[in-house]
Structure formats: structure tokens, C-alpha cells
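For reference, the structure discussed in these notes is given below.
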Amino acid sequence: MGAKESRIGFLSYEEALRRVTDVELKRLKDAFKRTCGLSYYMSQHCFIREVLGDGVPPKVAEVIYCSFGGTSKGLHFNNLIVGLVLLTRGKDEEKAKYIFSLFSSESGSYVVREEMERMLHVVDGKVPDTLRKCFSEGEKVNYEKFRNWLLLNKDAFTFSRWLLSGGVYVTLTDDSDTPTFYQTLAGVTHLEESDIIDLEKRYWLLKAQSRTGRFDLETFGPLVSPPIRPSLSEGLFNAFDENRDNHIDFKEISCGLSACCRGPLAERQKFCFKVFDVDRDGVLSRVELKDMVVALLEVWKDNRTDDIPELHMDLSDIVERILNAHDTTKVGHLTLEDYQIWSVKNVLANEFLNLLFQVCHIVLGLRPATPEEEGQIIRGWLERESRYGLQPGHNWFIISMQWWQQWKEYVKYDASPVVIEPSSVLNGGKFSFGTAAHPIEHGEDRISNNLGYMNTTEEKYSDNISSASEASESTGSGFLYSGTPGADMCFARQHNTSDNNNQCLLGANGNILLHLNPQKPGAIDNQPLVTQEPVKATSLTLEGGRLKRTPQLIHGRDYEMVPEPVWRALYHWYGSNLALPRPVIKNSKTDIPELELFPRYLLFLRQQPATRTQQSNIWVNMGNVPSPNAPLKRVLAYTGCFSRMQTIKEIHEYLSQRLRIKEEDMRLWLYNSENYLTLLDDEDHRLEYLKIQDEQHLVIEVRNKDMSWPEEMSFIANSSKIDRHKVPTEKGATGLSNLGNTCFMNSSIQCVSNTQPLTQYFISGRHLYELNRTNPIGMKGHMAKCYGDLVQELWSGTQKNVAPLKLRWTIAKYAPRFNGFQQQDSQELLAFLLDGLHEDLNRVHEKPYVELKDSDGRPDWEVAAEAWDNHLRRNRSIVVDLFHGQLRSQVKCKTCGHISVRFDPFNFLSLPLPMDSYMHLEITVIKLDGTTPIRYGLRLNMDEKYTGLKKQLSDLCGLKSEQILFAEVHSSNIKNFPQDNQKVRLSVSGFLCAFEIPIPASPVSACSPIQTDCSSSPSTNGLFTLTTNGDLPRPIFIPNGMPNTVVPCGTEKNVTNGIVNGHMPPLPDDPFTGYIIAVHRKMMRTELYFLSSQKNRPSLFGMPLIVPCTVHTRKKDLYDAVWIQVSRLASPLPPQEASNHAQDCDDSMGYQYPFTLRVVQKDGNSCAWCPWYRFCRGCKIDCGEDRAFIGNACIAVDWDPTALHLRYQTSQERVVEEHESVEQSRRAQAEPINLDSCLRAFTSEEELGENEMYYCSKCKTHCLATKKLDLWRLPPILIIHLKRFQFVNGRWIKSQKIVKFPRESFDPSAFLVPRDPTLCQHKPLTPQGDDFSELRIPAGDVKKVDIQSSAGEEDVLLSKSPSSLSANVTSSPKGSPSSSRKSGASCPSSKNSSPNSSPRTLGRNKGRLRLPQIGSKNKLSNSKENLDTSKENGAGQICELADTLNRRHVLGGSQPELVTPLDHEITLANGFLYEHEACGNGYSNGQLGNHSEEDSTDDQREETHSKPIYNLYAISCHSGILGGGHYVTYAKNPNCKWYCYNDSSCKELHPDEIDTDSAYILFYEQQGIDCAQFLPKTDGKKMADTSSMDEDFESDYKKYCVLQ
């Protein structure tokens, strides 16, 4: 595509320069510098975008770039100039040589036909027929022959048509002058263009303070009040807000300031009249006059001390006197003219006008017209502040006296003092804005209660300057003129202007000329007032610097003080190198407001972890604990000044925002010494109370990525060297250190720790009497011992936090899946913890064999009692007593109706949350009648298609489905039309809108004559009255990229055949779609450009339109249709409304339409009809009566610049009405569910799918079935797990559904299986005592566990250990009564857990035992072969195998499960049985009857059973994203107070502060239980010797730890 060097060697750079003027060359150089920066080369991308424009086809642009000499390095400026001169001012001979060079060979001496045809195919897509004449004599031609042929065939191809035929369409310079936004505003106001440019910067800074993004009354009010009274703020806002949209745009504030401050007196009084005309009816009623008088008297009292008669008169008398003297209509009100006559000589009205004058300049940013005016404005503001006195919470600013005196001379400031009363710069003294000198006292520092001086001006303003420039509607030099005074003052902040000032005071002979007019001062220089900081650290606060203490600064001699509004104005007008804000506070002793000049200067340290060596490693399996040989290094990072009255909480919040660190991830420590730090955790303490003085060191601690705290980890690592300081705390209110993403463990431990019966069991040491160190599936008692030691520390009441090192190590040893530093599932850890505690404390040391029988139609109570008895024979512990309940699971065959029932134990209920099966969609409907768009809210199925969306939306908005066109709008244009058969997408490139389109009618032949009535009524503009047999003509042509809402009769060929070189000619013979796309467009002018086509670039804005257009639509109809839709955006003011414009010279509405329609391509930038080399922005559509043949093009609505600047209401673009369905759908989407609904869903009947066929023992085959779970027995401690992590559609997702649950008196009895009281009998079903040696199971009645092996991998299906059985983890094969719950969608080989589970848990490991997880497909088959072969083994083998595999699996780190078929097979069911509860109410486990509770009576048990009411005592909450996030616990202490356990932090809080929305696990305790009844008797029992356990632990501990 061209050579690497320029092909324009025939035109030299020097010759090209002679053809451009100096002005043009400077513009080109500046444009090149703006585009390329300091580089001498322009990239190809910049060349295409900035020089040629986006309308040139990419292939053509690439050819031109290469022909100019562009390479991969770029295009040199000299080559660019030569190329531009050739294109715009080259001679035909030179252009012919250029075209020849494009096709010539490397040598440039001839053109080869094959090469030329190849390039023409690339550029034009075809080869002209006349080309064969050029090569009639051979395959090569020289320049002469090529030139002769080219001049005879100038229209042969694109380049020849562009450069040789039809004249020049692009020039080097564009002399047209489109008015800029500022020029337009300056033409209709009394403001200069420079004033408007300067005012715009201020406007965007003020608007940036809005919370809504609009300059509304909520934003405007605090800015002007005080000094404007709140009663007048709304009226003043309305006076600016001409279009009454509750938003002051820049045009309105410019015109309002012009009318209020720069116009003649009569016009200024007009503005005041609008302030008092509340109802905007053009007159002041009696009520409005009374309110006006009240407001004016308040203004007078605030600003003047003079006495006037009106102060002593009755309000009604004043109103009557005004009406009697000036009411010309004699109807009891004042017109505008009446008000003007009254206000001319009225002192109250004039004083109000003076106040507005001050506010408009100081607050709203208008620059004073003269220095004298500036001095009067500032003086008036300071006089009023002197009457108010110092107000706590306000900031005052220090200004160097040297600059202040120079400014006073410049503005001719009156030197008489302005006294502020009371003054508190000195204790009880007064200060004035005069020359009186007062020293600063050093004895008592004055401090700020405005944290960090966040309201100061300098930083906030500098951060927002860019937004002001971006808002400008002209680019290049249109916004900021570097030579204007306003620009210099706003951006030249750092230079010292004293030299300039001295020069201004010297005459030509060197004599001082003090009598001359003083020179305008430069930027405010406060540097002499502050000390040079020796500490080189970043300051986090904006106090500006520490004031000098020596020599002593004296007020009135060294500095002056001004209130914040005055400082902002001076800063805006002059700039400053240093802002010195100082706040006003109340003295804690005298309660007198005072100004703090010397706030506390604090030094902040940050941790810098030391580099670890191989010897100083981290703890293996323990967390990120550093070595004691590598202590944490702390370095000075920041400084900051804060008030002594500031609380720790306020400082913490400020630092969090300033450093962009989450509050929960940062803590503050008081640094006393290297080894003595104090955590500042009491947020209500003030610096004064803590006796924190200047230059005190504080440590900013930030969490590690693994959620541990560096200081804590360092303390743990050095705990042998540093004495732990005992701090008395509430028992149980002790946190747990995060050892590296162990918040999941801490949360579960805290919940279990606050289970009072279990905690009392451990605190009393009873666990040491029941340690089972011989249990093959236990943990040798280590789990119980470590947990017991930790509980005793937590409830000792001597430590604020402890590190659970031993328990963490024990868990990691026996469950490696919890090892490492990744976030885990708190529920999984809880299950493992309870399981480990149970096995270590199991009172059954030799487990007997039990038999699992089929229900065979037996009563539920009998089967349940049998299952419970079987479990109790093998499992007895404090964990079983407290946490275990029983579930009934029944499966009903849909073929024969046979019901199979089994009962399983559970220790927590896992309730699947209903996943969001609906998506919430809000869509805006835009109608053709121009009414305000309406937003509708819908709830759609997740797989809903746009067809269904149309139907639902049609029912809401009243349009037929055929009238709705969906479009994705992005960057003010339509990017895509979704097809009806596509699924609705929430994440689209833009936002989805629904446009109304004309109803398609029956198709009409384009060739047949159509009789139409072309007359149109004014209401329809002739757009919808064209009929053929009473119907609208059916659209039969669909342009490229448009939706097939209507059936096309044409083909795609109609479109593509018409495209030649990017040129789309008119297609008058092609039918239309019935509508076309219209986009709003404005021209953005730049003064730095390369070609005339790029001086004014189109820019799209606003919302695109859908305009009706058929084969019969006239051009005038298009204008009418567009105006109908946009008139609400550009409505002229009501004729009776007084305008704020100084002179309304806007004639944009004088003609019919304030815009012009042009035919453009889909991108809206270039013409759809003209070829690219014409550089046409769109052919104009005349507003005439002839037909509008638009074809498949779009139209651009080009707004007249004056109308756009003065009449177009940008804020109205975003105005939509919200239909009631929006709130309804939002509420439905976010509506929480209650716990009862979760339980109801859990116990509801479900149908098993075809992939979950149930093997029916009656039908002897797999059948379809239904399944139902029910609660049979509830434990004293009920744990409810809300399954937020679920596997849906192949991926893990977290449900954010809010679940409402009761805290007190939770009654789940409605979900218990009803009992038949006639069958209840207290019949012993188990032998008395602990000896089960005589219990044997016949071999013929049991089935073996099927062990499936595949590729060397072993999948063993086992029973869960008793404490690991959750309600939803029912461990039976598909179709069995205990198969997985319907609502818990699962993934293969994964347990019902979070995706944070270890890979060891989720996958198969060779040589390891793997347990099937919930929903797993790897379950025991129900096939007949398995059933038959399983009869060979006996129950003894089964139980032996189960115990062995359980032990091996626990040691491997996973939770065991046993899954066996119910029919004819054994299941090691974890059920309880009490002899007396075979038909009990099932409300509670009550007390065990076979070992230590023989003395309990049946009456006590019956009482317990009759109260299944629970109270909440602990919550584990998960916040954040899936796969991460954070766990915290809320628990109720025995002192009846709630505490928040956030790792090592434990704080008391009010119950209403609990974050219940993120609840994950709920812990309920049954009302009325006696903790003592669960404590076993230790009489006659021997405490276990744990010395060997300690030795074992220490031995293993040292293997994993490098600490000594």
C-alpha cells in the first residue's frame, strides 16, 4: 500500500511553505503539537482521526497516509504539510503526478496494470472499463501516457474524481465563523465573553457539590444561606430557574447574574420582583407582600444597624400603605411596574438588592466589574460577619498582611475597623479588620472540629477544574484563553508576585510613586506565615502548614482573617500559593467560641514488613505469622493536623476516606514505644481526653490481604518476649485474632462459644472426664481439649482478644482442606467442629452393631423410635444432647403408590434460599406524540425473550406489540435493535428503550398506482392519514442493521449494490420501513485544525428519535414529526414571563423550526448520499411539500447554534415519568422472605425428575416418585443454615436474598409431623444400661455397602458422622427418601457448600477415600444386581467397614457420609431414641435416659416437650462477594447485651444495629431449658490425664512452627 517514503518528491517542503500564510502555518504547527505532543511524528490513527476525519474509508486513508510518507514510526510534520498543500492547493499537473505515484512501481517510472487493478479493487471495489484504453499498448505505461489518459477520464476512479473532477471540496482554511456558546451568551447578556468563561469554571465547581448531579434547590440553598434567609432561598432559586425544572443550568445562572448585577436598576428590580412572586402569576398578592416585608425587615436587621420607621410598624399597616400608594389596578396586588416604582426609593428594597449583589459575586462567582466594587462587596460581607461573631463549625482563613494591605490599596478599601463581637482569637478579647495588633497566645492551643479541614477550597477546586473545561462546548482554545486575566489568576498559583508589585510602585527614575493608582495584587502569598517542616512526609490534612510560633505572629500586623466565603471569592479572583484554614470551636472549659490557630500536629506511621529469610519463615498451617527475629518495621508515612476536640472515630473516618481504605480494614494505635502500643478502639474519646500532644506518633494499621492484622501477627510472633497486658473485659466479650483468612473459623467458634450449655460444660472442666481418646474416627481428644482451653480463655474476662493457634493447628491437622490462607465456608467449619467435638467426647467407646430395617408400612413413631434408638446406641455426647434433631423423609412411588419412609438425624437445618428466577428490568417508552417518556418496571423470567417483553410492556403502556420497537441506545445513537427471538439481556452496551412506531399495514405493490389523499389535518401533520383501502401502506424495505419488526419484501441486495466508495445515492424507487432514525447533532468548533472539514466536527447528544416516514411522507412532514417530539426540549418562555436576558436578541424561534434536517449515515457524522471525498456532513432536507425520499439513511437534527445555546433545555433530556410498575417491580425484586417460607419450601413435596428415578421395592424397577421432608424432633439448640451459596446452571452463585427471622419466640412447631396421641406410650425400646454386647444383627437381614472403583480411584459411600449431618445433606441414593433436596441445586462431586471448599473436597483423589456430596451422581446404585449381590455380607462387616472408612476420611480432611438404599439395606443412621419418647411431641431431645439422667422425671420431660419456642442468641453473617467476603458474628451475652465479634474486635451494640440482611447461620436456644441438666455427673469418675496430649501437641506443634 505505497512506499515507506513520501511519493510527493516533486513538491518540496520549501515550495509548500510558500503557498501557506504565516497564520496558517502557526495554526498547523499548534494543531500538530496538540495532537502529537512533543513528538515530531503523527501516528496513522491520529492522521485518520484528526486530518482526514472518520468519513474517509479506512483503506483509502491508509493509502493516503503511506503516500504522504507515513511509516510505522509515524508521519513527519514536513511531509504532512507537503501533502496537505498538494491536496488543497496543488495544480492539476501535480495532482496527476501524485495519482501516478500511487499506482507506480518502486522506481516510480511506470504503472503496472496488475498492480493498479489490485489497488483499485481495494480502494473502489471495482476496476473502471476505461482502464483498458490506458493499457491498450501493453501491461505497463509511463507517466506521459498515464497523464493523458487520466486527464481525459477524470471520473475513472475515486482519487481522480476527488482531485481532478468537480472542484475542491476541502480547503486548508475555513473562514466561516460559527458563534460559540460564550459568544452567544455574551450577545444576549450584559456579561463579557471572558466573564462567562470565568463564571463557567465557578458554576461547575458549585454544581459538583450536588448529591444528585443537578444544581437543584437542595444544592443551591446551603450555598446562599446564610446570608440569604432560608425563607428567601426558594424564591431566589426560582428567579434563576426560568424553565421551572428544579435545576439551574449554566445559561440560566449567566442570564440571572446579568439581570441581577449588571443591568440597569429597573432590570435588577425585575429580578427581585421574581424572588417575591412565589406563585409566578406576575403580580404580588397581599400574602406575598406580607412575606416580602417580613423578609426585607430581616435582611435589614442582619445587614444594618440604622433605625427606620418600618421597624416599629405593624406588618399589615406596611402592606396597606404600599398598596394604597402603588396599586394602580386597585384590586389588591402589585404588578411588576408597581413594584419597580415602589422599590426605586425604598431603602428596604435597595438593601435587599445590595445583599443579592454580594451573594452573586462572592458565592456564585461573578467577577466584580471594578476594584472599587470589589472592595465594597468584601467590606459589606465582613461587616455582616462582625455582627454574627465566630460560629462553631465554621472555617476562617489566614491571609498575609502584606498581601492584604496591597489589596486594600488596590480596591480603595475603607480603613475604619470592622469589629467582630465576641472575639475569641484571644481569650475573651476582640479582634477587628483594622490595624489593631493583638498577639497570639501560646498557652492554650485552639483546635478544629472540622476534621482535616475538608471544606477548604484549594484542593477541592483544583480537582474539579478539569470538569469545568470538559463541559465547554468548544474545543481547542475556545474555552481557556491563556492570555486572559481569568486564566492567569486561576492557574498561576505558585509564583511570587512581589517583584511585579515593586516594579509597579517605581517610576522611570526609580522614585517611589505612591500617589499613582496601585497595581493589582498577584496571587495571595501566605508562605511567610508558616514554618518550613523538617519532616519530609505527605500531609493528609489541608491546614496548609503550621503557623510560626517564633517570632510571635500578631493579628493585624502579620496576618488578617476572613470567613470562608470571602476566601473562596478571593481565591477564585486572585489565586493563592497556600490556603491556611483555621476552624472555630467551643472551648471545653469556657464554652466560648474561639479560633484555633495551632491544631494538634500528628505523625502517622505505617508498617513496613521486613524481608523474610529462609530461617524466618511463616507458620505452616497456622497463618501468616512472622518470625520473632523479624519484627515489624514502622516508618513515618504521613503527617496531619487535627483538633484536640476531635474524636478517634472522626479521625478514623477521615483517614479512611483520605487514604481510600475501608474503615473496617484500618485501625489506629497510639505509639508509646517500639514494644508498647495502645489500640485506640474507644471511638468516642477525644484527643484532649487522651492527652495527645503535638508530634505524637500514631500507627495506621491496615489489614493484610489474608484479613489478618500486621500488629496482631507481630505480637503473636513475639509473645514470648512481650508481656501480654491483662485488660479486664466482660466475660465472653473477647475477640479472636485472624491468622490469615480465618474469619470463617472465628465466626463459627464465637457462635458455638456463646452456646451457654456447651460453654458451661467446657468451663466446668467436665469435658476432661469424658475425653474419648480411643475413638477410631475421633481426633484422640485433641479437638475437645484445644477447644476447651480456648473457651476458658474467651470466658476468663482478662483479654480483649486471643489467638486460636492451637485449635487452628488441630483443625488443619485433621482437616487439611481448612489449611492454607484461602477463605472457606463457615458452615463447613462449623459442621467439622461439632463433629470433632462429638467424636472426642462420645461416651460410647465400643459401638454396637445396629440393624436398619425398612419401614414396611409400620407407624412413623415406631420407625422413628427405632432409628433414634439405633443412633443413640452408637452416639452419646453433649453435642448429641444439645444439637441433634430428627427428620422424616418419605418417598412415594407414582406408579403403585408405595410409600417408603426413613428417619435421619440432623444437627442443623440447611434451608435453600429461593434463587432469583426473575430479573428486574426498567425500560423507558418514548412515544411519537412528544409527551414526556415514561419508565416502566417489569419482572421477567430469566430466559424471557423480547417477544414476551413486548407483550408485558404492551399491557402496561397501551401500545400494541407491533407498535413497539426495542433499541439499545449508546452515546446518543442507536447501536442495536434486539431481535424478537433473542433472550432479554440486562447487561447491554447501552440502555434499552422502547420506541413507538407506526402500525405496519398490509403490503402494497410498489409498481401499482396508489390512490391517496394527501391532505392532512394539523393534528397529524399528514403523517398517518395516508390510506390505501383504509390502511397504512405496509413497510416493505428494511435497512441494514434494523430489526425485522415488519416483514421485508425487498432483499439485502437493494442496500449493498448502492454503496460505492462509501457513497449511498438516493433510492427513490425503494420502499421504506415506515420509520427512520433521527439523531440530535451540534457542531463543535475548534481553532486548531488541519483541513477545513475538521474545523467544525459533529457531536451527537440527547436521545435519538424514531420518526414516521413512508413512501408518501413529505419533507415538511418530517420537520413536523421531529418538532412534535423535541418541542418539549425547546419550548419558548410564556409571553407573560419576564426574561432574565438583558436583551432577548435570540431569533432562533422567529422562524418555524430551530433546526435543520440532514441526511446522514448511521453514525450521524457524514452524509448518506454524497461520496466521502465531498466531506459532506449531510445533505439538507428542505422544508417543502415534495416527497421525502430518504431511503435507508438516517437524519440528523442540526440545531441552530443560538437556539441550542439559549433555548435547548439539556436537563429535560433526562426527565422521565415513573410508572407505578417501577416501584412495584423494585419492591417485588428486593422483597425479603421470612424464615417460615424457607421452612415451608423445605418441607413441601417435590417431584423427582427422570434423572432421579426411585427404585420401588414393590414395582422392582426405577419409577417416578415424589419426595417430602418433615421435621420429626427438634433439639434444644436449633441451628439454621441459610444456603446462600448454591450451584446453579454450572456455576456457583451467592443469593443476596434478605431473610426475615424472629429473634424472640420463634415457634417451628407448625413444621413438625403431627402425632397421633392415641398411639403415644412410654415404652422402652432400648435395653437399660450401656452394655450392648448382646445386640447382634442376623447376617441375612443386612446389605453391604457397595464400593465403586474406577481407574484406581475409590469412591466409598459412607454415613456422615453424627454431628455432620445437616438437614439437607441426606445421604441416600437418588430416589431414596433421603436423597438431596430439590431446592438445593448441586454440582457433581460437590457437597452442599460454598465454592471455597478445598479441591480435595470437591474432586476425586487417587488412593484416598472420597465421600459423595449432596446432589452427587456418585451414589450407590439401586440396580437389582447390586441388591442381590449385597446379600452376601453381614451387618458386622458393614459396621466395621463404616467405622474404618469414617476414620480414614476424617483424617483425610473430609466429612464422611453413608449412602445406602433404604429397601433391604443397612444405613448407619444417626438417630436418637429416648425410651419414653417413641410418640413424643418431638419438640426436644429432652434429657438422655440411659446414663446420667436417670433421676429426671417424665413430668419434666413432658414440660420440655410442650414448649418448642426458641430465642435467637447468635448469628454468623457473611458480607461481600462469592469466593471472598468476610464473616462476622453477633451474639447475645449472658448479661443480655449483644456484641459484634469481628475477628479480634468485640464491641457492644444495640440489637437494632445488627446486620440481619447478611445472616448466614442462625443459632436458636429453646426457651426454658436448664443448662445444668446437660452437665454430666462426675461423681466417681476420673479426670483424663492430658499430659501426654500436651506432649503430643508440643511435639507436633514444633514440627510445623518455627517459633520458640
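The backbone N, Cα and C atoms fix where each Cβ goes, and this holds for glycine too.
Annotation comment: Swiss-Prot describes Cys743 as active site, nucleophile. Look at Swiss-Prot and you will find His1526 tagged as active site, proton acceptor. Look at Swiss-Prot and you will find Asp277, Asp279, Asp281, Glu288 tagged as Ca(2+) 2 binding site, backed by sequence analysis. Swiss-Prot lists 1371-1399 with the feature compositional bias 'Low complexity'. The domain 'EF-hand 1' annotation in Swiss-Prot covers 91-126 and rests on sequence analysis. What Swiss-Prot lists as domain 'EF-hand 3' is 264-299. Per Swiss-Prot, domain 'USP' is recorded for 734-1567, and the stated evidence type is sequence analysis. According to Swiss-Prot, the phosphotyrosine annotation covers Tyr1173. The annotation phosphoserine is assigned in Swiss-Prot to Ser1350, Ser1372, Ser1376, Ser1454, Ser1588. Positions annotated as cysteine methyl ester by Swiss-Prot: Cys1601.
In the shown protein chains, 10 other C-beta atoms lie within 10 A of the C-beta of Asp279 (Ca(2+) 2 binding site).
Within 10 Å of the Cβ of Asp281 (Ca(2+) 2 binding site) there are 11 other Cβ atoms, across all protein chains. With respect to their backbone Cα atoms, Ser1588 (phosphoserine) and Asp281 (Ca(2+) 2 binding site) stand 95 Å from each other. Of all the recorded positions listed here (Cys743, Tyr1173, His1526), His1526 has the Cα closest to the Cα of Asp279 (Ca(2+) 2 binding site). Ranking the binding-site residues Asp277, Glu288 by other CB atoms within 10 A of the CB puts Glu288 at the bottom.
Secondary structure at the residue listed as 'active site, proton acceptor', taken from DSSP and collapsed to helix, strand or coil, is strand. The average per-residue pLDDT of the prediction over the domain 'EF-hand 1' (91-126) is 83, rounded to a whole number. Other residues of the same chain near the Ca(2+) 2 site, with their Cβ within 8 Å of the Cβ centroid of Asp277, Asp279, Asp281, Glu288, are Phe276, Val278, Arg280, Gly282, Val283, Leu284, Ser285. In this structure, Glu288 (Ca(2+) 2 binding site) is part of a helix by DSSP. Among the recorded positions Asp281, Glu288, Cys743, Tyr1173, the ones whose Cα is located within 10 Å of the Cα of the residue listed as 'active site, proton acceptor' are Cys743.
Shown for the domain 'EF-hand 3' (264-299): DSSP residue counts in helix, strand and coil, namely 26 helix, 2 strand, 8 coil. Distance between Cα atoms for Cys743 (active site, nucleophile) and Asp277 (Ca(2+) 2 binding site): 62 Å, as a whole number. Between Asp277 (Ca(2+) 2 binding site) and Tyr1173 (phosphotyrosine), the C-alpha separation comes to 58 Å. According to DSSP, the secondary structure content of the domain 'EF-hand 1' (91-126) in residues is 23 helix, 4 strand, 9 coil. Cβ neighbour count for the residue listed as 'phosphotyrosine': 22 (other Cβ atoms within 10 Å of its Cβ, all protein chains included).
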